[in-house]
Amino acid sequence: MEKAGGSPSVGGSYPQKNAEILSSQYGINLFLAGLLLTFAWAVHAVGISKSHLLSYLITLMLIQLLWMLWYLCRSCTQRRLIRDKDTHAGARWLKCGITLFAVITLILDSFKIGYYIDFSNCLSPTEGIFPVTHAVHTILQVYFLWCHAKDIIQSFKTLERFGVIHSVFTNLLLWTNGVLTESKHQLNEHKERLITLGFGNITIVLDDHAPQCNCTTTTLCSIFSQGIYYLYPFNIEYHILASTMLYVLWKNIGRKVECQQQHKTPFKFHGITVGMIFGLIVLTSTIAIVVVYLIQIGRSKIKSELALTMFYLHAIFVLALMCTAGIVALLIYRLEDRSLDNSKNPARKLDAELLVGTAAGSWLLSWGSILAIICAQAHPKYTWYNLPYSILVIIEKYIQNLFIIESIHREQEKVNDDIKTLRIVTISRGSTLSLTPSYKEIYNGRAAGDSGEIPCLFKGSISRRENHAGGGTKEETSQENSSGMHSASDFSFYNRNSVTNNKRRVLKNIAAFLFLCNLSLWIPPAFGCRPEYDNGLEEIVFGFEPWIIVVNLAMPFSIFYRMHSAASLFEVNCKT
């Protein structure tokens, strides 16, 4: 009988597991084909042009659009059905963030359309079709994620797995295309800067994909071409966020949910003033440093060296503060005795894996810089600041990852719904006496009630009534003893509660400070302030081409790490 009862569930799991494996392999092959096509275009492979790459991306987006429309139509016809939801997936702040990035991405698409119109004489039609298709894809995808990011799909599971995984890898390919385009632009500027730093022994060959014709409107062309590269960082973040949200949706297909309670985590500014003030100071100073850096770098050798020195000193100071804040937070966690939530949660698991995985990008760059400083024969003065900077980058991310991962796995403090403030009204000598018991009193009273005893608070009221009937002396004695016991327990409880609140306040301020610091450290590499390119020491030790390949592979992960850390710290602040 046990075999008969168990066989259907076991047998039924095989098709779904096979569908998961098949869909994941389909997505990986889809991605690898697009990745090789992107690489072939980047190295000017014979017979491969940008129009081939864009045609492939347009096809993928159109297929995803058809799937999303089919899913939305099917959801409308079944809108009256009660569906399972993953309350941890698709948080409101995450949806707001991806919407902001999507709006800026739409501005980028409009710039690309204008750029195509001005150079239409010598550009392929695919370069005009691509931004239009991408704009439609962006609008529909954001709407889809707002409405269905929390869905746990239980019907047409095999088909939906292929549709969702197709969407995941389509966004990853669009992210890869954005990263490559932005990196090629940064690389061209970097090659020009190296000349001003005196690295004449490095061969400078610009990788130019510019149109081979004149623009119809010179001013507009300049605005479009320059504006596009300043907007690419937001487009890159949009696609990586979309792919992570869709991946969680894919992992949730066919999942059995135990609890359907909605846990709201609102963000409140109350109690985080100190962390916000220090974080805003770091953010403001970082923006100022980036502006000065971009103005000074490449002007002359002296100005470039001063810009690099200024960047390193500022980054060292900020990273040291972040390390200190992270250590304090971890020490507070060691003093607390709270269990961890180890329940199955695809969104939380993905957050932890992305933190460690993307941190490896900046760790690779840091270890490369440390090795270059050790092995180099000549050391310009500004390169010595790179050593403590690289060491602090490794330590800071190590500490921050520990703090964030432990924070998102800690169980929230829960207050039982039955424990509420009660207002007990008793009649004593013809007067109304109002008692408002503390949380501790009610908690103890409820525990006593569960064991068949009368809660102490109610005992006090009953005792006073009986004594009033029997005599006033006993009533006064009982009241004095009761008030003394309540005062002692209240003082002990409020003392512990005050310590707990102080710890929570410190943790919230640390999370707010680290949130703004990670936003600050996202800005420099995202907008072209990249000393890994500009100091020149690594290129001499490793060679120009090998080091540039390492930087171009690792830098996108380093940039994404800061934005993902900021998002995770925002969630930590809400939960604390």
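Quick reminder: no glycine exception, Cβ is built from N, Cα and C everywhere.
What TrEMBL says about this one:
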- 466-477: compositional bias 'Basic and acidic residues' (COMPBIAS)
- 479-488: compositional bias 'Polar residues' (COMPBIAS)
- 466-488: region 'Disordered' (REGION)
- 26-47: transmembrane segment (TRANSMEM)
- 53-72: transmembrane segment (TRANSMEM)
- 93-117: transmembrane segment (TRANSMEM)
- 129-146: transmembrane segment (TRANSMEM)
- 229-250: transmembrane segment (TRANSMEM)
- 271-295: transmembrane segment (TRANSMEM)
- 311-333: transmembrane segment (TRANSMEM)
- 354-379: transmembrane segment (TRANSMEM)
- 506-528: transmembrane segment (TRANSMEM)
- 540-561: transmembrane segment (TRANSMEM)
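Simply put, out of 93-117, 129-146, 506-528, 540-561, 129-146 has the most Cβ pairs sitting under 8 Å from the transmembrane segment (53-72). In this chain, the transmembrane segment (506-528) lies in contact with the transmembrane segment (311-333); the count of Cβ pairs under 8 Å, excluding pairs fewer than 6 apart in sequence, is at least 3. Under 8 Å from some Cβ of the transmembrane segment (229-250) lie the Cβ atoms of residues 23, 86, 89-90, 94, 97-98, 100-102, 104-105, 107-108, 111, 138, 141, 145, 148-149, 151, 153, 161, 164-165, 167-169, 171-172, 174-175, 178-179, 181-182, 185, 346-347, 350, 354, 526-527, 556, 559-560, 563, all in the same chain and six or more residues away from its ends.
Among the recorded stretches 26-47, 354-379, 506-528, the one sharing the largest number of Cβ pairs closer than 8 Å with the transmembrane segment (271-295) is 506-528. Taking Cβ pairs closer than 8 Å, the transmembrane segment (129-146) reaches residues 54, 57-58, 61-62, 64-65, 68-69, 71-72, 90, 95, 98-99, 102, 105-106, 108-110, 112-113, 116, 167, 174, 238, 242, 245-246 in its own chain, all 6 or more past its ends.
A Cβ distance under 8 Å defines the sequence-distant neighbours of the transmembrane segment (540-561), meaning residues of its chain 6+ beyond its ends; these are 179, 183, 187, 199, 202-203, 233, 236-237, 240, 354-355, 357-362, 364-365, 368, 371-372, 375-376, 397, 522, 525-526, 530, 532-533.
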